[in-house]
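A short worksheet on the structure shown next.
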Amino acid sequence: MRTPLLAGNWKMYKTTGEARELVEGLLHGLGDVGDRKVLVCPPFTALQTVHDLVQGTPIALGAQDVYIEPQGAFTGAISPVMLRDLGCAYVIVGHSERRAIFGEGDELIGKKVRAALAHDLTPILCVGETKPQRDAGHAETVVVAQVRAALTGMTPEQIGRIVIAYEPVWAIGTGDTATPADAQAMHETIRRILGDMAGSDTAATINILYGGSVKPDNIDDLMAQPDIDGALVGGASLKADSFLRIVHFLSPQE
């Protein structure tokens, strides 16, 4: 049984004061999350502030990126050791914006996954196709290649500690969302590949999140799919009321 994970990626939004206000709003309305995990990933500058607020609460702390070395002359980089020191439990790796804007490739992303694991951080590996790739019928090929490139050479135990986030690039910040059926089909494919690499028993335990214009009005239908185990939420995580509605999604039996 996989525990749903609802993760908020704040991207390059929120000053420390704004971060405090948002977290206080989340904590005020969170209530009993039951069988769900809640995660927020603020910008680096707000990590300490958010850590101090969420410590001892159901909200976990994550970062949006990490470098591959524990320390050294890497100006502007943040190491996994530093993230652990700040209380982070998770880190996003390979987000489509890191791939497209900052030129990160599969080799570097794979190294970041390994660096996170080596320092007891849970990496959230992001994979997904662009609109031209999807229109050309290559979506599955692209996503499978990204998963394999990042995880090749890892042991089943290592792969079992990773979270995958499927984020169709064409849906991020556009208001467009993959239909629940389309998202489920890709999640099922990802789980099959994870099974090929780590065994079906391990694959069955791995959380595969959906990311791409997740909103309060589509979360219930997405979470009704058998292989969608949570969401990586962008814009809708920047307001307490919308993220809380996502956290408290209605499961099919409700």
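The backbone N, Cα and C atoms fix where each Cβ goes, and this holds for glycine too.
Swiss-Prot lists N9, W10, K11, G173, S213, G234, G235 with the feature substrate binding site. In this structure, K11 (substrate binding site) belongs to neither helix nor strand by DSSP; it is coil. With a 10 A radius on its CB, K11 (substrate binding site) counts 18 other CB atoms from all the protein chains.
Within 10 Å of the C-beta of H95 (active site, electrophile) we count 29 further C-beta atoms, all protein chains included. Summarising the annotation, Swiss-Prot assigns active site, electrophile to H95 and lists sequence analysis as the type of evidence.
Every protein chain shown contributes to the tally, and the Cβ of E167 (active site, proton acceptor) ends up with 27 other Cβ atoms within 10 Å. If you look up Swiss-Prot, you'll see E167 marked as active site, proton acceptor, on the strength of sequence analysis.
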Problem set entry | Neighbourhood of W10 (substrate binding site) by C-beta distance under 8 A, where only residues 6 or more apart in the same chain count | A19, V40, C41, P42, P43, A46, Q64, S237, L238
Exercise. Quick one, of the binding-site residues G173, G234, which Cβ has the fewest other Cβ within 10 Å?
Worked result: G173
Exercise. Does anything in the same chain, at least 6 positions from N9 (substrate binding site), have a Cβ under 8 Å from its Cβ, and if so what?
Worked result: C41, Q64, I92, H95, G211, L232, V233, G234, S237
Problem set entry | 10 Å Cα neighbourhood of E167 (active site, proton acceptor): matching binding-site residues from K11, G173, S213, G235 | S213
Problem set entry | Secondary structure at G234 (substrate binding site), reduced by DSSP to three states | coil
